[in-house]
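> According to Swiss-Prot:
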COMPBIAS  468-490  compositional bias 'Acidic residues'
CARBOHYD  ASN2  N-linked glycosylation site
CARBOHYD  ASN19  N-linked glycosylation site
CARBOHYD  ASN29  N-linked glycosylation site
REGION    467-490  region 'Disordered'
TOPO_DOM  1-69  topological domain 'Perinuclear space'
TOPO_DOM  91-116  topological domain 'Nuclear'
TOPO_DOM  138-152  topological domain 'Perinuclear space'
TOPO_DOM  174-209  topological domain 'Nuclear'
TOPO_DOM  231-273  topological domain 'Perinuclear space'
TOPO_DOM  295-624  topological domain 'Nuclear'
TRANSMEM  70-90  transmembrane segment
TRANSMEM  117-137  transmembrane segment
TRANSMEM  153-173  transmembrane segment
TRANSMEM  210-230  transmembrane segment
TRANSMEM  274-294  transmembrane segment
ZN_FING   568-608  zinc finger
Amino acid sequence: MNSSTSSENVFINSFSYLNQTSQAVISGNSTFANVINFPYRLGLSFIGAVNLQYEQTVKSEEIPPTLRSVFDTIGFFFSPYAIFCFVIAIVLNRFVVFYAVLNNGSRRTLPLWLSNVFHVSAVVVLAMVSLGPLTLGKDFKILGDPAFAQEKFLLNIFYAFAYSYCVETIFTIMRNSSPLEGTDYSLFELSIQFYTMTNNNTKFLDSPDYIIDCSMAILSRILIHLVEIFRLRNYRLLFSTIMNLCHICYLGIRVKQGGWKSLPFSVKFRHFPKLFSVSIICLSLLIFKLSCLIRWDPFGKSRNSCELLQFYPLSRNWKKYLNYTGEEDFSAMATKFALLLCSGTELMEKGIRREFPAINIPDNVNEKFFISGYLNELSKPYKENTSISFPKKNSSILKQRFFLMFPKSIIWIMKKLVGQVFFGFRDNKDEDIPDNDPSKMLKITKTNSLNNSAGHKEDIELELLNTSDDEYSEDYEPSEVESLGDSDEENLEEDSLIFNETRDALLDLFSSEDNEVHTDYNWIMSTSRILQQKLLSDKTLTRASILDTKLSEVDETFGTESDFDLSCAVCKVNERNTVLWPCRCFAICEDCRISLGLRGFSTCVCCRSKVHGYCKVHPVSDSK
């Protein structure tokens with residue numbers, strides 16, 4: 001019995017995760033406590049068995065490479081690099097959000113000395129930790145310091161990088177600016193690289209590529225702080241280009257000596273996009289220069305032989321296409337430039353200079369990009385292209401036109417001056433014409449036909465009302481009441497003869513220069529209305545009755561014109577509310593416009609001209 005008990009104790013001690021008697025949720029030996037504590041102890045035993053199995057598997061050398069990579073990936077998320085990177089990202093993100101809410105768009109200026117102190121402190125910290133990768137493996141006394149041991153200096157470099165990111169982000173956000181960041185050496189990439197180097201026990205002395213890579217990362221952060229201290233943010237791209245070109249030259253020499261496979265995986269993964277972009281740019285420039293060299297004609301009239309090449313517009317305006325400010329990193333600009341060079345192949349059609357479209361957006365859409373002008377709504381009224389292509393400023397055509405037009409301009413100016421002097425001495429005052437009865441009679445007989453306008457309507461009223469009570473027209477027939485008041489017939493005949501002679505003299509006086517009296521057909525047409533009313537009416541004609549008749553006709557004419565038909569010219573049902581451009585026809589409704597557009601109509605239904613677009617209007621009728 002004792003032997004069996006001792007063997008059980010040895011078995012439990014060899015597997016410590018089985019002994020969970022000390023762990024309990026409810027203390028005591030009651031049935032309720034055992035029911036609760038048994039699943040809890042069973043779960044703890046299972047977790048202990050899994051942990052023991054994991055430790056033994058990691059220590060064994062027979063583990064497959066794929067399974068080891070899975071273990072390394074899981075272990076990275078619990079490493080100090082990943083945890084610190086996650087905490088820094090959350091803190092900076094919350095700071096940016098809360099500061100944007102509290103700031104409320106107002107610009108705040110921080111003291112320069114405060115930001116300079118923190119930037120200088122970041123530079124000092126980065127310089128101190130950079131002594132590790134630069135002097136590692138050398139027999140220097142500084143390596144005796146425990147802070148520069150291989151197990152600790154990678155973590156110190158990572159902490160220095162995190163401090164540099166915090167200083168740059170916080171102080172640039174407080175100045176309402178954008179922080180300067182490096183695309184090659186982000187905090188997350190450095191955490192993965194440092195964890196891999198620590199987990200694999202990589203020696204810096206055996207891998208100088210890691211030393212150069214860490215040195216480039218530190219120099220990029222120091223460069224950011226220096227341009228912030230000296231206020232040279234616009235020159236950051238220049239300094240970054242010089243530094244990266246030197247590093248690319250080193251990588252080229254390194255690949256030439258040991259091959260591409262000799263580089264560590266993290267170095268190849270980080271710098272391959274930059275190297276690929278630089279290769280595309282160099283290859284494009286080389287092909288462009290060779291094309292220019294082939295087209296170059298030393299004896300030709302044209303000085304520039306590359307204008308017909310597809311790359312020529314970009315070579316002249318590449319700064320506008322890239323739209324850089326100088327604050328960008330070299331890797332980001334190289335990638336952007338390479339993408340710009342490669343995106344042109346998607347826009348090219350049969351190689352006819354369609355690689356790079358115009359930068360300015362046109363006012364109207366090209367006709368081949370929409371089905372019909374009835375479907376192209378214009379936000380502004382259509383403007384016809386009335387631009388004239390003038391010759392250049394120093395062209396020979398302009399000089400010839402100037403010399404030809406100069407004498408004509410002088411002659412025109414002289415004529416103008418002589419005319420002003422000549423007409424300046426003339427008396428242009430109008431002579432007053434006596435307001436007598438025969439002249440008024442002549443004026444009435446020479447009036448034009450009645451026009452359908454409101455102004456002419458008022459003129460008719462004034463003309464008929466201001467006429468004197470005496471009537472001298474030949475077709476006037478006095479009433480019987482008026483004839484009784486006359487003296488006798490002989491006096492009337494004498495007066496009429498005198499009046500006729502006076503009228504004939506006035507007509508001769510106001511006739512044309514050739515003394516030929518022309519027949520006034522307007523006067524005949526005006527008297528036809530009086531004759532017609534005389535034949536249709538038995539009453540005596542008076543001036544008031546004629547005036548009432550003419551005014552009623554004018555009112556009827558205005559009434560008919562004001563009632564304009566606003567129904568659609570196509571369906572005759574809906575109200576028209578669409579203006580077509582550029583013909584300006586206001587003829588159709590919205591439903592008919594959509595129907596005509598979907599059917600592919602491109603001409604106006606009224607004038608048959610080309611339709612480029614339409615505008616919606618809201619007509620207001622008198623009935624409303």
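Using the three backbone atoms N, Cα and C, a Cβ is placed for every residue, glycine included.
Quick one: how deep are these features, and who are their neighbours?
Its Cβ taken as reference, ASN19 (N-linked glycosylation site) is surrounded by 14 other Cβ atoms within 10 Å in the chains shown. DSSP assigns ASN19 (N-linked glycosylation site) to coil in the three-state reduction, placing it in neither a helix nor a strand.
In the three-state DSSP scheme, ASN29 (N-linked glycosylation site) is classed as coil. Within its own chain, ASN29 (N-linked glycosylation site) has no residue 6 or more apart in sequence whose C-beta sits under 8 angstroms from its own.
Long-range Cβ contacts of the topological domain 'Nuclear' (174-209) within its own chain (Cβ-Cβ under 8 Å, at least 6 residues beyond either end) map to 72, 75-76, 79, 81-82, 84-85, 88-89, 99, 103, 107-110, 115, 133, 136-137, 150-151, 154-155, 157-158, 161-162, 165, 168, 216-217, 220-221, 224, 227-228, 233, 236, 254, 263-264, 266-267, 270-271, 274, 327, 329, 331-332, 335.
Helix, strand and coil residue tallies for the topological domain 'Perinuclear space' (231-273), in that order: 38 helix, 0 strand, 5 coil [DSSP].
Counting only same-chain residues 6+ beyond the ends of the transmembrane segment (210-230), those with a CB under 8 A from a CB of the stretch are 115-116, 119-120, 122-123, 126-127, 129-130, 133-134, 136, 157, 160-161, 164, 167-168, 171-172, 180, 182, 184-185, 190, 193, 197, 202, 204, 236, 239-240, 243, 247, 250, 264, 266-267, 270, 329.
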> Would you kindly list the residues that approach the topological domain 'Perinuclear space' (231-273) from elsewhere in its chain, counting only those six or more residues past its ends and only Cβ-Cβ distances under 8 Å?
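Same-chain residues near the topological domain 'Perinuclear space' (231-273) but 6 or more away: 180, 184-185, 189, 192-193, 196, 207, 209-210, 212-213, 216, 219-220, 223-224, 324-331, 333, 335.
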